[in-house]
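Working notes for the structure below.
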2 protein chains.
Amino acid sequence: MAERQCDVIVIGAGTAGLHAYKTATARGADTIVVERGPGGSTCTRVGCMPSKLLIAAARAARHCAEAGRFGVEAAPVSVDAAALWARVRRERDRFDAAIRDEYHAIPDDHRIHGSARFAGPDSVMVGENRIVPRQGIIIATGARPLVPETLEPVRDLVHTHETIFELDHLPQAMAVLGAGPVGLELAQAFARLGVAVTLFDPGDTVAGLADPATNAAAIAALGHEVTLRLGVEAEATRATDGRALLSWEGGSITVDLILAATGRPPELTALDLKASGLELDDHGTPVFDPESRRCGDSAIFIAGDANAWRPVLHEAARGGRIAATVATGGDAPRPLPAFAITFTEPNLTEIGTAFADLPDDARIGCAKVADNGRATADGVAQGLVRLYADRDGVLLGASIAAPEGEHLGHLVALAVDQGMDAARFADQPWYHPTVEELLQMAARDIVGSEQVLV
Amino acid sequence: MAERQCDVIVIGAGTAGLHAYKTATARGADTIVVERGPGGSTCTRVGCMPSKLLIAAARAARHCAEAGRFGVEAAPVSVDAAALWARVRRERDRFDAAIRDEYHAIPDDHRIHGSARFAGPDSVMVGENRIVPRQGIIIATGARPLVPETLEPVRDLVHTHETIFELDHLPQAMAVLGAGPVGLELAQAFARLGVAVTLFDPGDTVAGLADPATNAAAIAALGHEVTLRLGVEAEATRATDGRALLSWEGGSITVDLILAATGRPPELTALDLKASGLELDDHGTPVFDPESRRCGDSAIFIAGDANAWRPVLHEAARGGRIAATVATGGDAPRPLPAFAITFTEPNLTEIGTAFADLPDDARIGCAKVADNGRATADGVAQGLVRLYADRDGVLLGASIAAPEGEHLGHLVALAVDQGMDAARFADQPWYHPTVEELLQMAARDIVGSEQVLV
């Protein structure tokens, strides 16, 4: 058994891990990355990027199908599934190669291929080799999709986001389990490509929207394209024709394919966390401080999807940087406003304080997308903007189901980070005609119109 | 001759005028609006709104034509011109009716139909009636498009933005004179609808872009769809077949229609400004203070397109509010960052300090759209983002030619208004994958990568 000393160990070379490695190294730490796979990130390989590529194709199909209302007549839309998947994978592979290149650019003596497990609170084993860091261990092992056991009877028809982008055809009928961002984005995309999509979720929210008004608006908008079965748990059995039969109280459908999008728990099992001595939560995830990503008062940090907190890329990247900074004696920066986007049309996004966590005397400003000139001109005037402020008018966050909502979300995030109040936010150069005017309308709704004359 | 006293006179019931009326009235002023037309605004009648409606149709045609690269087949695309124009005008009329309703909602005794002219520095005549305001006169008469005299030989084939939306067909070939926002937006829109469009401008910039790098990127991008003849002044004569022959050194084309988009001077001639005693600039426009919209130290104000300063709707509306506030004894608020958008694809936008006005030691951060994942996934990876900061990193503005640039522009405007520095701007929750990440890339380019580790 060999023993190696270093300053920082990073377990996992995905988004969080690569950022942690680069930051620790830039801060002068002798840093070792342990990666058991080929490198590459969830985002580029099976997440953000292939889904956005599929969504781009789906949007193209939708635009063609809807062009008639503008006086533009296209031929009946047909999808060349082979060409579609070829573009998705070709571009996906380019994105993924760039991330793998980053991994392979790490010098050989700072990179260990293998599976890491804790050998105690202060060291890690990779195979027979012990690595002992002087400053810290950063867990950045990511998350993996869960396939519910109830799908075992039809397991061969089940995909997750890790396999769905390897299809070479489009199913005729498809069930999506889970109304989170992954399930919703792919459900709408496949529907736009001509697949009959039914989405099941035992809960009554979509995209995890905490605001009931926005949630209702989102459901109304998405329901035009996807059959939404919320509050419904379907049982999967094998149909006589070999397809999957999904049955629930009151109905059943037969589908060619099931997308399981029911959750992505942290990938921690191989780490032997018991040996780390860390306190674990009910799901077996180390208890950690979201600001520093430090686990308890240990020298172990957890960043990225592995910590199940804000599983979005910018927090994974920043989390890796923060963990590396704090592990090497630096300070954690301010936390950013929470920000999540589901890239359906309309975009669904919540920023900052969630509806359920608003103070009792919070002020909520509303703007209906139907009242926005630009959205009307573009033929996408459906949705709702809800902007939150405290009793003094200081912006706290927003819940948005709107066309171009991803862009509105960035503006709210910036304003919340700046501690802006609604009056100042209302008095910005909101250009006409843009969907951004919805934010002005919502801010004025908070301030009261008589106070926004100038 | 009757004489009527009031507190404030507003001349013109367009965007600036209506906002001035409402603000002055809300501040307790006895306010009279003089309007010689039927009411309604340039924006809704012949500007922002019909152009966005036409652009929406043109975008639909473009999307259909380009869907093949995503594996979606919808060719061939044809345009039903009657249906296209019907939608443009139907929706335009709805927008316009809303503004006219605002005008007609003004009580009869606060609204005079007629043409106003100055009878001295302190009063206005409408027909034989003199109106004498106690507090101020607000000029909000807007602007009108200019048809160059050189087009007289083919005047019957010439349109401006005031008449082009009344077409019931699409020309085969069309010339656009003027590479400003109006000319560019309509040139690209008609091109996407199948018209062969040639755009002429004696200058070498498009959309008034002050930044030469962004201007070059914009020209490269727009040139795929529109034949751009910059630095070229064409002479118009009648072709033998009755169409218009446009000739220049080195070439000529024959077109069915000419769009004159060479400028929109303020509409001031009927006002008899000599009688006002105001100092006029070389163009005959009153000299005024952009913060207060006050002309010299008079009680006369000028707001909206009539003052030829930032002829965009949000400044017209705010200008009307400011003029009314200051006229009635209030204070002018802070000026907003300059902000102009041309709604081509890519969007062209400049915010804040113009390139030519940057301090010598300004820092400029660049980001190429080709390096942005989302733009690549969406197949629109062309353009450039240039972000400006002073020597200390405080953001001054930006010049952007990028897909979704209108949204990026709002973020820069908010950041500039907040006095943010590039480091803080870089450390925002920039969601992945979005075009907003271009702003992060540009901000990091200013800050230097080693300073953005956290």
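Just so you know, glycine gets a Cβ as well, placed from its N, Cα and C.
The active site, proton acceptor feature in TrEMBL is assigned to B:HIS432. Using a 10 Å radius centred on the Cβ of B:HIS432 (active site, proton acceptor) and all shown protein chains, the other Cβ atoms total 23.
Spatially close to B:LYS52 (FAD binding site) yet at least six residues away along the chain are B:PHE343, judged by Cβ distances under 8 angstroms. Sequence annotations record features per position, and here TrEMBL assigns FAD binding site to B:LYS52.
The NAD(+) binding site annotation in TrEMBL covers B:GLY178, B:ALA179, B:GLY180, B:PRO181, B:VAL182, B:GLY183, B:LEU184, B:GLU185, B:GLY263, B:ASP305. The Cβ neighbour count for B:GLY180 (NAD(+) binding site), using a 10 Å radius and every protein chain shown, is 19. B:GLY180 (NAD(+) binding site) falls within neither a helix nor a strand when secondary structure is assigned with DSSP, and so counts as coil.
Reduced to three states, the DSSP call for B:CYS43 (disulfide bond) is helix. Residues or ranges marked as disulfide bond in TrEMBL: B:CYS43-B:CYS48.
Marked as domain 'FAD/NAD(P)-binding' by TrEMBL: B:7-313.
What TrEMBL records for B:341-442 is domain 'Pyridine nucleotide-disulphide oxidoreductase dimerisation'.
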Neighbouring recorded positions, C-alpha within 10 angstroms of B:CYS48 (disulfide bond) - of B:GLY178, B:GLY180, B:VAL182, B:LEU184, B:GLY263, B:HIS432: B:VAL182
B:GLY180 (NAD(+) binding site) and B:CYS43 (disulfide bond), distance between Cα atoms, whole Å: 16
Recorded positions near chain A, Cβ-Cβ under 8 Å, from B:CYS43, B:CYS48, B:LYS52, B:GLY178, B:GLY263, B:HIS432: B:CYS43, B:CYS48, B:LYS52, B:HIS432
Three-state composition of the domain 'Pyridine nucleotide-disulphide oxidoreductase dimerisation' (B:341-442), taking helix and strand from DSSP: 35 helix, 30 strand, 37 coil
B:VAL182 (NAD(+) binding site) and B:HIS432 (active site, proton acceptor), distance between Cα atoms, whole Å: 33
Nonlocal neighbours by CB distance (under 8 Å) for B:GLY178 (NAD(+) binding site), same chain, sequence gap 6 or more: B:LEU199, B:PHE200, B:ASP201, B:ALA260, B:ALA261, B:THR262, B:GLY263
Coarse DSSP state, helix versus strand versus coil, of B:GLY263 (NAD(+) binding site): coil
PLDDT averaged over every residue in the domain 'FAD/NAD(P)-binding' (B:7-313): 97
Cβ packing number for B:LEU184 (NAD(+) binding site), 10 Å threshold: 26
